[in-house]
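Here's the structure, in structure tokens; my notes come after.
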Amino acid sequence: MANPNPKKTSVKRKHTEKDDAPAVAPVTLKLSGLEMLTDDEDGDDYNPEDDTDDGEVDEFPEIDAASDSEEDDEDGDDEDEDESLSEDEEDEEEEEEGSTEEDSEVESDYHIFPKAKTVISDITGQPKKVYPEIEPDYDSDSSTEEATNRVGDVPMHWYDDMPHIGYDINGKRVLRPARGDELDKFLATVDDPSAWTSAFDKTSQEEKPLSSEELDIIKRLYAGENPDENYDPYEPMVEWFTGKGKEEIMPLSAAPEPKRRWVRSKWEKQKIMKIVRAIRAGRIVGQKPKTTSKYEVYSIWSSEPSTSAPPALPAPKRALPTNAESYNPPEEYLMTEGERKEWESKDAEDRERDFMPQKFTSLRLVPAYDQFIKERFNRQLDLYLAPRIQRTKLNIDPTSLIPKLPSPSSLRPFPNYKSLNIRHPKGRARCVSISPDGNWAASGDEDGVVSLWEVNVGCEVKRWKFEGKIGSIEWAPRQDVSYFAVGVEEAIHFLIPPNVDSTTLAQTHALLAPSALPSAGPTPSPVKWTSTSVSSWSNDKPILSLTLPPSSGVPTQLQWHKKGDYFASVSTGGATQNAVWIHQLSKRHSQAPFRKIKGAVQLVLFHPTMPHFFVATQQYVRLYNLAEQKLIKTLMPGIRWISCMDVHPSGDHLIVGGYDRKLCWFDLELSEKPYKVLKYHSRAIRSLHFHPKYPLFASASDDGSIQIFHSRVYNDLMTDPLIVPLKILRGHQITDGLGVLQVKWNPKQPWLASAGADGTVAVWCS
């Protein structure tokens, strides 16, 4: 309870400090016949047998002075008089020593206790004072009192060995209250009728009274009743589903069960039959019974091997004993003294025998074999490490794995030496072409010079000079006419060689410069055709010229159709996208076959037998049908950048070369991927060409070499083509990292013409 006179308490504290009274002493306060004990005496240490009415102060067990902290002794504030047990006892001691006038003043001013009556105790027979029960009100409710100990949820058994039980709100120690033994507690509960209405609080280490609501809850729980006092177990039932308008609140219905509840479902029957049919068909396999043992144990050397294991080989047999192992060997098997020392000095692995021959007169004198256990152990190792499966060792000669190719001498003729060498003094010899009859050849260089020379003797017959470098030269494939086309900067010129017979010259003039020009087509072409009249024409200038659209660049390839009426041109260095043009001489018309091209076009080819058109971009080769105007297939050579290609005269095979030194052979009837990939050049491949008559093809590279191959294609589709390397031709010098730029076969002879970056054109003969 709170102190009713805080001012008086402060006066008492000052007297206590002046008189230097002891800090702890049991005190009894007398107020008009009332006796108020201390909290400790009232709760735990009060003994009814020691209670007398003589007014004397009883002895109280002395409290250990060490339990008081220095902070409590030196603190002189007025706010802590109700929180320290030692200070309360000092106040009570000073009140007892004070004058009777102060006691009477306190008694007259404060009546905090009701009147007590003296009765005789039934247990001790001694008189005692009994106070009437105090009705609990708000002031006495312990739930409203502020907790003195502020340790929170800290376990209280941590303070068992300490004089204090925690700390107050100001951080000062809360001392442990003095408690008696169990007998004193029992006697206190006998005399105190309200002892059963209190409970021990571990935090504050003292008894706390229970409220009437808590006592009522305890009684109800002890009686097995509902702890809520407002609960009525006999209240009338609420009719939730009875009455008008309440039938549809819950989804309850008295409708009879439908027929589908007790008739077998046809849908479930269909599902079950589906599973049954799957089991019968073997699509659903049940779980196999688990085997008891994970591995099957069997004897590896048994006569009847297990069927699950591979057939075992017979156990290795021991070598038969020799004469040296006899107990009475001949004298020649016995070791001499020198042989004995030599045998003992060697290691066990280097000895010829594992034992030393000895001679005994009789068998009963032979001692036990000292190496018996070791020998048995080695025998077990031999059986354990012996092979279980017989492996057949193949003795194969590595040379037999190499395919047998025919000898190059049996595949003649093919070019094997340089016969002629034509020099272009200025610029690289970029291109070369041979006439269909095989007698004339034309070559061009980057200085704009076109040279016409005879193949047999290498004599230069005629020379033309153009502005700009020469990109390509190609003879017309027709036999009744004689002319060739030259690709210059954004133009194509047609030249007629001199010394042509009159019949061929007349037909050539009628083709290239007819008297009546054909009518223009419905769609005008951006390519302009310009022809020279026969009367004003001379051998020094072209008879027909084609002017390509601006920014087309140099035509790097001219490809004729086999009939000689159509030819295609490819310009790879221009800025325009449509670098492919197909020209028709008879109608004087040019057209671009592609509106949109996927990738930069490098090369084009006409199929020799069918209306097909090959278009090579940087990484793919596409085959188009010109009659139906659709894509047939796309070949994937796997080359980073395609540089050249050529089609076999049969039309069923294609070879593609690239700057990454690869040569791919395609079988057009077999697959879209290469049938063979060859990589034999040390630098980029520049040119490829099939011979139109002989089974030969050649490849030229920047390494300055020309490879000659025998390429025989069989009519039998089940037989693979025969590709045999024949000869490596070396005669061109590498200039500025470039070697041989183009090769062309003589249509009539197994001769080869090559143009190099060193400005020379060579003819290779057989």
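Cβ coordinates come from backbone N, Cα and C, glycine included.
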For this session: Examine the ranges 191-218, 303-330 and name the one recorded by TrEMBL as region 'Disordered'.
Result: 303-330
Problem set entry | Per-residue pLDDT averaged over the repeat 'WD' (422-463), given as an integer | 90
Seminar exercise, completed: the repeat 'WD' (422-463) resolves under DSSP into 0 helix, 24 strand, 18 coil
